[in-house]
Structure formats: structure tokens, C-alpha cells
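**Student:** Quick one: the structure is below, and I'll ask about it shortly.
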Amino acid sequence: MGSQEVLGQTTRLASSSAVLQVLFRAVTFALNAFTLRYLSRELIGVVNVRLTLLYSTVVFLAREAFRRACLSGSTKRNWTKTINLLWLTVPLGVFWSVCLGLVWLHLLEVPDPSVVPHYQAGVVAFGLSAIVELLGEPFWVLAQAHLFVRLKVIAESLSVVSKCILTVILVVLYPQWGLYIFSLAQLLYTSVLVLCYVIYFVMFLGSPEATKKTFPVTRMKALLPNLVEDETFVNWKEARLTWSFFKQSFLKQILTEGEASSIVVESFYVFFAKVLERGKNVKDQKKDDVAMAANVLESLLKLVLLTGLTITVFGYAYSQLALDIYGGSMLSSGTGPNLLRCYSLYVLFLAVNGVTECFTFALMCKEEVDRYNFVMLALSFTFLCISYFLTHWHGSVGFILANCFNMGIRIAHSIHYIYDYFKESTHRPLMGLLPSPFLVLIYIISGVITGFSEVFFCCDKGWMARLIHISMGALCFAATIVTMFYTETKLIHFVRSQFLSRYMKKGT
């Protein structure tokens with residue numbers, strides 16, 4: 001598969017995933033609003049925060065390092081050894097589920113059973129759901145490495161729809177079941193997700209399409225752990241790289257709660273890992289591949305920067321209104337709006353860090369990953385101290401600001417790596433972090449106008465005042481988008497040619 005074809009498939013995967021995630025967020029939002037009519041806020045809070053954190057932590061610690069290591073390099077490899085390595089995620093998931101489950105049950109405060117019934121069963125079910133999802137990890141990595149876009153879309157759609165339907169039915173019919181409802185829905189979600197991948201490969205392997213693509217796996221048995229005579233069970237180079245990434249993932253989880261990578265970043269990690277060879281400097285790579293990687297990196301940096309700036313600027317003036325519409329004065333008064341404003345800023349840091357680390361980790365060799373881990377460990381003390389003082393000074397807002405500081409340090413490290421990598425070439429992808437001066441001016445003007453609009457029209461002056469505030473924001477947002485269209489022509493061309501081209505072709 002050529003570099004241009006890889007880029008095309010990657011952007012298809014990223015755009016499809018982005019659309020899905022937006023739809024899933026909307027469905028989840030609507031589902032939460034619906035369940036609040038039948039269940040207590042405390043119960044839904046335990047599900048959305050504590051139990052979801054247990055599930056995501058187990059999954060993150062068990063598979064993140066394996067994904068980074070096994071998605072690197074060409075698809076032409078000894079897949080038997082790679083699949084053997086990926087199956088190690090399951091026992092690792094069992095280990096983390098048991099350890100963290102005991103923490104959730106015995107070290108954290110147990111909710112009042114009269115308010116949140118069946119908490120223990122919920123902890124067990126969410127830990128078990130993480131293990132079930134890890135059973136599909138070899139299938140997921142194989143599909144991701146070969147950029148099976150449709151499979152990912154279908155599997156995630158069916159699993160989310162199944163989860164929502166079961167949740168609604170049980171909430172309406174058996175609201176007294178409490179956490180049993182969400183436990184069963186979560187188990188159904190992961191089971192359907194894994195089954196979709198298994199069924200797909202059962203049908204795909206051995207088919208004419210698989211033969212045409214010279215797919216490296218020919219039968220389902222090859223997707224199970226296999227011993228190869230006179231050879232090692234796993235590729236030790238991949239295993240050592242996995243260990244390096246595991247230490248990094250563990251540090252991230254402790255220091256930053258293992259922030260989730262955006263779906264665009266997840267997709268383009270595969271692109272950079274396929275187009276450029278890990279551990280080689282820029283002079284030893286193919287010139288065309290370097291040029292393409294540099295252009296894509298510059299466009300991605302510009303895309304996430306402008307997206308983050310837009311969220312930060314408009315999030316500041318519309319956080320209170322959003323909370324007021326969603327939860328009334330209970331959410332829009334107090335520290336809620338300030339928390340959401342700070343989180344809007346954190347999204348900017350998170351987005352830029354996601355892309356810079358996406359490129360950095362796709363190119364770093366094992367030794368460079370190990371050195372980075374030591375840097376993170378050395379900086380962790382500073383981060384923890386700043387977290388303590390800022391949290392003591394300003395509570396939850398201070399903690400978010402401390403995370404912004406932590407992300408800033410990581411961005412600086414990745415920028416330094418990217419600069420060093422490209423300094424011996426003619427490409428300067430870090431220019432993607434410099435928006436047009438005129439666009440910056442529009443952002444500043446929009447921020448000032450919407451800020452004054454919030455003071456005068458939001459949020460206790462009636463719906464007419466709110467509509468005026470919304471209208472002011474819509475005009476400023478439109479001006480920002482128009483300015484972006486005329487000043488960031490390179491980014492617009494990238495989005496049109498890579499993300500929108502297939503949809504435009506369908507429409508003609």
C-alpha cells in the first residue's frame with residue numbers, strides 16, 4: 001500500500017470515527033437526560049465517573065502500550081508473534097481488574113446502598129466488561145493496521161446502539177435495579193463489540209477479497225495464541241518496545257488520569273508509523289514520504305490548534321449558558337461555569353499535545369521512549385507540587401490548571417523532538433502552530449464581544465436576553481470561520497482533499 005493510499009485510508013478512518021464520536025456523544029447526552037427522569041443523580045454520577053473510570057483505567061493500562069508497539073512498522077511482518085504478544089493483554093487486564101476492583105471496593109468510600117444499590121455488583125461487572133473487550137484486541141489491531149474502516153464503524157455503532165436500547169428498556173421497566181441496569185448494558189456493549197470483530201474475520205478470512213489483498217492471516221486458528229517450532233513465542237523487539245510504552249502509560253495514568261487520545265490522533269498514529277520507519281533519522285527516510293508526513297503533520301497541528309482555540313474562546317463566554325440549559329441554576333451557579341471554562345482551555349492543550357505526541361511516539365526508538373519516560377518521571381514531582389498548591393489555592397479549577405501546565409511541558413518536549421527531527425530537511429511542520437495574525441485578531445475581538453455579551457445578557461434575564469447572547473456568539477463564530485477559510489488556505493485544501501473529497505464525489 002503506497003503512502004498516498006495510506007493517507008487516504010487514514011483520513012477515511014479518522015473522519016468516520018469523528019462523525020461516530022459526535023453522534024455517540026449526542027446519544028449519551030440524551031440518554032443521561034432521559035435516565036435522570038427515572039434514577040437519582042447520585043447513581044448516574046457513580047456510573048459516569050467512578051465505574052467508567054475503573055473500566056477505562058483497566059483497558060488503558062492493559063492495552064495502550066501494546067497498541068502503540070504493534071501498530072508500528074509495515075503490515076508485512078510475522079503476525080503470529082504479534083498476535084501472541086497481543087493476547088497478553090487479557091491476563092494483564094485480569095490482573096488490573098482484580099487489583100483496581102479491590103481498591104474500588106475496599107479503599108474508596110462505598111456509596112450509600114439506599115441511594116446507589118448494588119455497587120459491588122457494578123464494580124465486578126465493569127471490571128469484567130474490560131476483560132471481555134480485551135478479548136477482541138488482536139482482532140482490533142489487525143483491523144486497524146490494515147485500515148478496515150467499515151468494520152470499525154459498524155462494530156462501534158452496533159455496540160453503542162445495543163447498549164442504549166437495553167439501558168432505556170431496563171430504566172423504564174425496572175428502575176429499582178439500580179446499577180444492575182448499567183452493568184448489564186456495559187457487558188452487552190463490550191460483548192457486541194468483540195462479536196462484531198470476530199464475526200467479520202470469520203467471514204473475511206479465506207474469502208476472495210482476503211486472497212486478493214494477500215491478507216497475512218488465512219484462518220481463524222491463526223488469530224489464537226500459537227507456538228512456532230524453533231522460534232520465540234513473541235517478537236522480542238516488539239515486546240521490549242511494548243514494555244517501554246507500558247512504563248510511559250503507567251506514568252500517564254498516575255499523573256494525568258490517562259487522558260484519552262482523540263480519534264483523529266489514534267488514526268494518524270497508524271499513518272505516521274506506516275509511512276516513516278521508527279528509529280531512523282530524516283535523511284535515511286524516503287524523501288517523498290518525509291514530505292508527505294511533514295505536510296500532514298503541519299495540517300494536523302493547524303487543525304487541532306484552531307479547533308482548540310475556537311473551543312477556548314467561545315467556551316469561556318458560553319459555559320454558564322450551556323450549564324444553565326442542561327441543568328438549570330443548580331449547575332450554572334457556583335464553580336460549575338469556571339470549571340467548564342478552564343476545561344475549555346485544557347482541551348486546547350490536550351489537542352495539541354495529542355498530535356505532537358502522536359508523531360513523536362510513532363518515530364521514537366525504544367531507547368528514546370525510555371529516555372522520555374525518565375523525563376516524565378523527573379517532571380512528575382514538579383507537576384505534583386504544582387497540583388497540590390493550585391488545588392489548595394483554587395480547588396478543582398486549580399487542578400485543571402495544573403494539568404494544563406503538565407500538558408504544556410509535554411508539548412514543549414515533543415516540539416523539541418519534532419524540530420530536531422526535521423532540522424536537517426527543508427520541511428518545517430511546526431509552522432502549523434502559527435495561525436494567521438488576522439485570524440488571531442478575530443479570535444480576540446470575538447472573545448471580547450462574547451464576554452461582554454455574557455455579562456449583559458446571560459443568564460438570569462430571560463430567554464430573549466439569552467437569544468441575543470446566542471446570536472452574538474453565532475455572528476462571531478461565523479466571522480471566525482469565514483476568516484479561517486480565507487487565511488488558512490493550506491489547511492482548507494487539506495481538509496477538502498482528504499476529509500471531504502469522498503463525500504463531495506458522492507454528491508456529484
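Just so it is clear, glycine is given a Cβ too, placed from its N, Cα and C backbone atoms.
These came from TrEMBL, pasted as-is:
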type     : residues : note
TRANSMEM : 12-31    : transmembrane segment
TRANSMEM : 43-62    : transmembrane segment
TRANSMEM : 83-107   : transmembrane segment
TRANSMEM : 119-141  : transmembrane segment
TRANSMEM : 153-174  : transmembrane segment
TRANSMEM : 180-205  : transmembrane segment
TRANSMEM : 303-323  : transmembrane segment
TRANSMEM : 343-365  : transmembrane segment
TRANSMEM : 372-391  : transmembrane segment
TRANSMEM : 397-419  : transmembrane segment
TRANSMEM : 431-452  : transmembrane segment
TRANSMEM : 464-486  : transmembrane segment
**Student:** Same-chain Cβ contacts of the transmembrane segment (397-419) under 8 Å, 6 or more residues past its ends?
**Tutor:** 255-256, 297, 335, 338-339, 342-343, 345-346, 349-350, 352-353, 356-357, 359-360, 364, 372, 375-376, 379, 383, 386-387, 389-391, 429-430, 433
**Student:** Would you kindly list the residues that approach the transmembrane segment (43-62) from elsewhere in its chain, counting only those six or more residues past its ends and only Cβ-Cβ distances under 8 Å?
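**Tutor:** Result: 32, 35-36, 89-90, 92-93, 96-97, 100-101, 104, 108, 111, 115-116, 119, 122-123, 126-127, 129-131, 133-134, 178-179, 182, 186, 249-250, 253, 257-258, 260.
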**Student:** Sort out for me which stretch, of 12-31, 83-107, 464-486, has the most Cβ pairs below 8 angstroms to the transmembrane segment (303-323).
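**Tutor:** Maximum Cβ contact count belongs to 464-486.
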**Student:** List, by number or range, the same-chain residues at least 6 past the transmembrane segment (343-365) whose CB is under 8 A from its CB atoms?
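**Tutor:** Result: 68, 72, 245, 259, 261-262, 264-265, 268-269, 272-273, 276, 278-279, 293, 297, 300-301, 304-305, 307-309, 311-312, 315-316, 319, 372, 400, 403-404, 407-408, 410-411, 414-415, 417-418, 421, 433.
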**Student:** At an 8 Å Cβ cut-off, counting only pairs 6 or more apart in sequence, do the transmembrane segment (119-141) and the transmembrane segment (180-205) clear the bar of 3 or more pairs?
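**Tutor:** Answer yes: the transmembrane segment (119-141) meets the transmembrane segment (180-205) with 3 or more Cβ pairs below 8 Å.
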**Student:** Could you pull out which residues elsewhere in the chain have a CB under 8 Å from any CB of the transmembrane segment (153-174), counting only those six or more residues past its ends?
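**Tutor:** Cβ under 8 Å, 6 or more out: 16-17, 20, 24, 27, 31, 34-35, 38-39, 180-182, 184-186, 188-190, 192-193, 196-197, 200.
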